[in-house]
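J.: What Swiss-Prot records for 1-30 is region 'Disordered'. Under the heading topological domain 'Cytoplasmic', Swiss-Prot lists 1-352, 403-461, 527-552, 604-759. Residues annotated as compositional bias 'Low complexity' in Swiss-Prot: 15-28. Annotation source Swiss-Prot lists repeat 'ANK 1' at 46-75. Look at Swiss-Prot and you will find 83-112 tagged as repeat 'ANK 2', backed by sequence analysis. Per Swiss-Prot, the feature repeat 'ANK 3' maps to 124-153. Taken from Swiss-Prot, the feature transmembrane segment applies to 353-373, 382-402, 462-482, 506-526, 553-573, 583-603. Residues or ranges marked as topological domain 'Extracellular' in Swiss-Prot: 374-381, 483-505, 574-582.
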C-alpha cells in the first residue's frame, strides 16, 4: 500500500535508483523549490556570535574568557543577535545571575539602555530592567538597580503634551504598548519592594490607576485588569506576613505624608486605622478581607467587651436586649461621665452599634405610634397643628441630621456620598424636613375646614402626607444596612445592592424599547380618536372597547408597561371594525405582538440572566464581599465623633465643653510668649512621635518584605507541578555543573567544537 502511494521510494532501502538525483532532473510540477525569504543579514563576527551564544547557554567560564581576552577591543560588547537582543537581555531572559554580574563587572552599563532594534524583539522598547521586572526576579533587579537605572514616567491616557502628541501621531499602537510595558514593570512586586518605602500604599495607588486605565484603554482592558488584580494580591500577601498584633497595629495605623493627621489622636496614641480606611477608599477587598486584618478588626470592635464572643447564645441575646432597653440610661451615664470605666465600655464600637440601633428602633416605634394616634376629628382641617409626637420626631430628625453633618465634616463630601447608607439617610432626612416644614406652612396659612375631595391637588398638607409616607418607606429600608453584620443575611443584602445596579443598566435598554413602541402606537391610534362625549362611536376607537388607551403618549406607556406583568388587557385585533380600519388594526396587532416578543420574552429573560449572574458573582466571593462590607460598617463606629445616638447627641456634653475650653485657652495662650514656647515644644513632641512611628513602620515593613520573599521561595520549591521557574532553575544548575566539569577536564563539548579547538 505504501509502495502504491510513494512509487519512487524504496521502503526496503535496497535500491534508491528511482529517487531523483536533483530537482532539475524532475518535472517542475513534481518539485517545489524552497527559499528563505526571511533571511536577515548578520553583521556579527565569529567571536561576537560565540559571546552571545555563551551568554545564551549560560557558559560562565567562556564568557569570562572572552571578556578577558578582549583587551584590544576587537569584540563589540554591544552586539545584538538576529532578534535584537544584547548580552544583558539574553542573560536576564535566562535569569542567569552569575553571568549578569560578570557583565556588569566588566563595564557593560551601556547595555542597560534600550534595545537598538526593537523591530525584531517580541516586546517593544524593552530595557533590561523592564524585562527583569516583567519576570519579577528580585535578585536580578537588585543587581540592576545598583547601576542607577531609571524608567520613563508614564503619562496619563488623555495627556496632550508635545511628546505624547508626537508619539501618538507617529505610532499610536507602539505608544499604547509602551505604556502597557511600563505599567507591567511598575506593577512587579519585586520592583515595588525594592524601590518603594511604602509598598502597600504604592500597590493601592497602582491598582487604582490600572483600573482607571482599563476603563479608558478598552483594547488592553484584560491586561490592565490583570495587573490591578496582581497589585491587590501583593498588598494582601504582604499583610499576611504579619506575625503579631503589634505589627498589624503599626501597619494599619500608619499615615502617609499626604494624608491628614490627627495630632490629638497621635499624642493620645489612639487608633486611627488610616491605612485600613485608605484600603476601603481604594476598594481593596482582598486586603480588608485578609484573615489577619479581620482578626485585628474584631479585637478593636469588641474592645472591653471581648468576652461577649465566648458567651452562649442565650446570654448574648440577653446582653443585647438589656442594652437595647436601657439605652437612654446608658446614654445619660456617658453624657455625664464619658471618661469613667462605665463610659469607656459604652464607647466601645460594639456598644455604640447596639445603642444606636436601639435609638433607631425607638424612632421607628414613634412612626408607628404616629399613625395609631391620628386624630380623626382633624381629618378635614386644612392646617392642623403639630402634636406632641411630632415634636418627638423632630428631635430625632434633628439628631440624625446633626450626626450626618458631623460625618460630612470629618469625611468630606466625596467620601460621604460614596456610601449608599449616607445617601439614603440624606434623602430620608430631607423628606422629613420638607414634611414638617409644609405642615408648619399649612398651619400658619390655612385655618378652614373642608372635605378633602375639595382641596387643591397640591395643598401643603396633602404634599406633606405624601412625602411623609415616602420617608417612612425609606426609614424601614434603612434597616437593610444592619443586616451587614450577619454572616447569613449580609451576603443577601450585598447581592440585592448589586442587582439594583444591574437593574439600572437594564432600564437604559428597556426605556428605549418602551419609548419606541409607544411612539408608534400613539401615532397609529391618535389620529382617529373620538372624544368620550360622542357616544355613537364605532370601530377601533369605540369606548366600549379598550383601544382608546393608545390615544395619548402617557396612556400608551402605562398600557405597554403593564403588559409585562399581564395586567393590561387591550384588544388590539378586534372583530368589529369597518373595512377602512382593517389595515390599521392589523398594524397595531403586529406592533404589540412584536413588543411582546422583544420585551416579555427577550428582555425579561435577559434581566433574569443578569440578576442571576450578579448573585452568582457575589456567591462565588461571598466571604470576601461580606467581610469588606462589614468592615465598612464597623469603621463608622470606630472613631469618637458620634458616640451618643439621637436625640442625645444634640445635647452639649461635658467632653465637648472641655474640648472647646481647651481649644480656646490654647488659642489665647498661643499669642503670649509663654504660650508660643509651649506650642513649639508641643510641635516638637508631635514631630518626634511621628518620626518614631515612621521608623517603626519601616522596620516592620522590612520584616514583611523579607518574610514575603522567603515564603515565595518556599512556595516555589514546594510546588509539585513543573513550573517555568523550576525548569529555568534546573536548567541553570545543569549548565553550571556542565561548565564546571568541562573546565576541570580541560575541553569543550561538541556543541562548541565549531568555535573552540580541544586542549
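Backbone N, Cα and C atoms are what each Cβ position is placed from, and that goes for glycine too.
Worth saying up front: this structure is predicted, and the values here are computed from it rather than measured.
If you look at the structure here, what lies around each of the features I listed?
T.: In terms of DSSP secondary structure, the repeat 'ANK 2' (83-112) contains 21 helix, 0 strand, 9 coil.
According to DSSP, the repeat 'ANK 3' (124-153) comprises 15 helix, 0 strand, 15 coil.
Packing against the transmembrane segment (353-373) from elsewhere in the chain are residues 320, 323-325, 327, 330-331, 346, 387, 389-390, 392-393, 396, 400, 472, 475-476, 478-479, 482, 485, 637, 645-646: each is 6 or more residues past its ends and has a CB under 8 Å from a CB in it.
Mean pLDDT for the topological domain 'Extracellular' (374-381) in this predicted model: 68.
Nonlocal intrachain contacts for the transmembrane segment (382-402), taken as residues 6+ away from its ends with a CB within less than 8 angstroms of a stretch CB, comprise 359, 362-363, 366-367, 369-370, 373, 375, 425, 429, 432-433, 436, 439-440, 442-450, 455, 459-461, 645-650.
In the topological domain 'Cytoplasmic' (403-461), the DSSP tally of helix, strand and coil residues is 46 helix, 1 strand, 12 coil.
Long-range contacts of the topological domain 'Extracellular' (483-505) within its own chain (CB-CB distance under 8 A, at least 6 residues past either end) are made by residues 353, 420, 607, 610-611, 613-615, 617-619, 622, 625-626, 629-630, 632-633.
Non-local neighbours of the transmembrane segment (506-526) in the same chain are 540-541, 547-548, 550-553, 556-557, 560-561, 584, 587-588, 591-592, 594-595, 598-599, 603, 606-607, 610; each lies 6+ residues outside the stretch with a CB under 8 Å from one of its CB atoms.
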J.: Using a Cβ-Cβ cut-off of under 8 Å, list the residues of the same chain that are 6+ residues beyond the ends of the transmembrane segment (462-482) and lie near it.
T.: 357, 360, 363-364, 367, 421, 424-425, 427-428, 431-432, 434-436, 438-439, 442, 452, 455-456, 493, 496, 633
J.: Please work out the helix, strand and coil residue numbers for the repeat 'ANK 1' (46-75) from the DSSP assignment.
T.: 21 helix, 0 strand, 9 coil
J.: Mind tallying the topological domain 'Extracellular' (483-505) by DSSP state, helix then strand then coil?
T.: 20 helix, 0 strand, 3 coil
